[in-house]
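According to TrEMBL, the feature domain 'EF-hand' maps to 4-39.
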Amino acid sequence: MKAEAVSRVSVVFALFDANGNGELEADDFDLMAHRVVQAVPGADEAAKGAAVEAFRGYWTALVGELDTDLDNKVSFEEFKAIVLAPERFDAALGAFADALAHLGDVDGSGTVERPVFVALMTAIGFELPNIHKLFDAFGPDDDDRVTVDTWAAGIREYYAPDASGIAGDHLVPAAVA
């Protein structure tokens, strides 16, 4: 397991803890889903619904696999296990990645424009300089768009325990120079 993977997971835990109480709970994922769908008013209702369901599905997978003390919460210690066995979450993570990336494709072109990407990532809680570094690392086209597939693949890669030097490393605050 790479140190970068642990750093990425630490960032995600802090962001998913939307109410800031130090533990992940179902309400955190509902709050995050609400923030995310509100960030893209131009998205269609089906994409918004899919994103909300993906957040809920991700929570269900996490609590089902990681809640070792059965308190319906996931502590950071429990959450770190995602790095050790990400394959346990492949289906939920894949649905989450696809739903989030498709939510950003407001015009149905298969791409996400920078302002929409920034709005979604800001709603999740990432820092603006890191968001722009990530978007640039995805290799936007001449119209400053990235493909839905590129973004979804980047989300999946973010959780890979052996990955280092990936685009997602830009989301770790120390990565911004």
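Glycine residues also receive a Cβ, built from the backbone N, Cα and C atoms like all the rest.
Automatic, uncurated: that is what TrEMBL annotation is.
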Within-chain partners of the domain 'EF-hand' (4-39) [C-beta distance under 8 Å, separation at least 6 from its ends]: 48, 51-52, 55-56, 58-59, 62-63, 72-76, 79-80, 82-83, 100, 103, 119-120, 122-126, 158-166, 168-169, 171-174
Helix-strand-coil residue split for the domain 'EF-hand' (4-39), DSSP-based: 26 helix, 1 strand, 9 coil
